[in-house]
Amino acid sequence: METERRIITSCSAMTALFLFMTALMASSSIAATPTQSFEDNFNIMWSENHFTTSDDGEIWNLSLDNDTGCGFQTKHMYRFGWFSMKLKLVGGDSAGVVTAYYMCSENGAGPERDEIDFEFLGNRTGQPYIIQTNVYKNGTGNREMRHSLWFDPTKDYHTYSILWNNHQLVFFVDRVPIRVYKNSDKVPNNDFFPNQKPMYLFSSIWNADDWATRGGLEKTDWKKAPFVSSYKDFAVEGCRWKDPFPACVSTTTENWWDQYDAWHLSKTQKMDYAWVQRNLVVYDYCKDSERFPTLPWECSISPWA
C-alpha cells in the first residue's frame, strides 16, 4: 500500500455540492444485506485492546495511539463478489493517520500478493480527507488514484464498496462509482488484473506520517490520540473460497455480481462516474507521464465499455 507520488488539490464547493446532489438522486440496483455479527465474520489481527464495540455490538471501533494501531480480517476468503462496509473516519486533526479498508490474498505484504485498496488519508483540522485506491497483481502495485469527497467522512457513516468480477473492479462511495478498473483479454500476459487468487477483506488503522499527509510534511500529533475509526453494517455477496474444490473457479454467471449487467456501468452510474472524473480526481497514475514515460498497458483500456 505504498505510494510514490503525493499530490493534493481540492475541488470547488459548488462543484462538490452539485455532485453531492447528483449522487443523492442517482438510482441503483445494487443492494446487499448486512450479514451477522462481527464475531461471525472477522478475527482481530493484532492489538485486541485497541478494538471496542458498542453496547449492542453493531458498531466496531479501531483505535491508534503512539504504541500501536489495530486491524481485523474476514474469517473467509472470497474470489469475486460485492463487498460493502459503512465507515466513519477519524475526526479533527488526523494528519498522518491512515485508515485502510482493503482486500488481499495474503495476511501480510507478501511479494506475490494480489490486493485491492481503499486508503483514507487523514489531514489537519479543516482540510479535506483524500481517498487513495490502488490495485496489486502478483506483488506489483503503483496504480494509485486519489479522490476528494463531496462530504465530510468524519461526521457520519458512509458506505464504501468493492464490486469484483472477472471483467471489472469498481470502487464505490455511497453507490457512486469513483474508480473503474477493467480487465481485457487484449492485453498480453494479464499482469495487471487480480482475478486468480482469492482474498480476505481487511481493515486497519495505522500511522503513516512519513507519506500520508502532504507527502510526509505533516506529522501525527500524538497529543490528539487516540484516533478512532468506526465501522458497521458489513455486507458481502461473494463466492467463498473452499478448498480443495472451490466453486469460485466456475465460469458460470449465476450470481448478480458476475452477470452481464455487472460487467459494465449502468447509464446512471456512467453519469455519476463522469462527474467524479471531472471534479473529484486528485491524482491518476495513468496521466502521470513523468512517473511513467511509457504508460502501463491497462491505462489504454476504456472504463466506459
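Positions of Cβ are set from backbone N, Cα and C atoms, glycine also.
Model, not experiment: these values are computed from the prediction.
According to Swiss-Prot, the protein has these features:
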type	residues	note
ACT_SITE	GLU115	active site, nucleophile
ACT_SITE	GLU119	active site, proton donor
DISULFID	CYS239-CYS248	disulfide bond
DISULFID	CYS286-CYS299	disulfide bond
DOMAIN	32-231	domain 'GH16'
CARBOHYD	ASN61	N-linked glycosylation site
CARBOHYD	ASN66	N-linked glycosylation site
CARBOHYD	ASN123	N-linked glycosylation site
CARBOHYD	ASN138	N-linked glycosylation site
SIGNAL	1-31	signal peptide
SITE	ASP117	site 'Important for catalytic activity'
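Location within the structure of each feature annotated in Swiss-Prot.
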| residue | record | contacts (Cβ under 8 Å, 6+ apart) |
| --- | --- | --- |
| ASN61 | N-linked glycosylation site | PHE51, THR52, THR53, VAL228, SER229, SER230, TYR231 |
| ASN66 | N-linked glycosylation site | TRP222, ALA225 |
| ASN123 | N-linked glycosylation site | SER94, ALA95, TYR129, ILE130, THR213, GLU218 |
| ASN138 | N-linked glycosylation site | GLU112, ARG113, ASP114, ASP191 |
| CYS239 | disulfide bond | TYR78, ARG79, PHE80, GLY81, PRO246, ALA247, CYS248, ASN255 |
| CYS286 | disulfide bond | PHE292, LEU295, PRO296, GLU298, CYS299 |
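With respect to Cβ neighbours within 10 Å, the recorded positions GLU115, ASP117, GLU119 differ, and GLU119 shows the lowest count.
A helical conformation is recorded for CYS248 (disulfide bond) in the three-state DSSP classification. Summarising the environment of CYS299 (disulfide bond), the number of other Cβ atoms within 10 Å of its Cβ, over all protein chains shown, is 15. Mapped onto three states, the DSSP output places GLU115 (active site, nucleophile) in strand.
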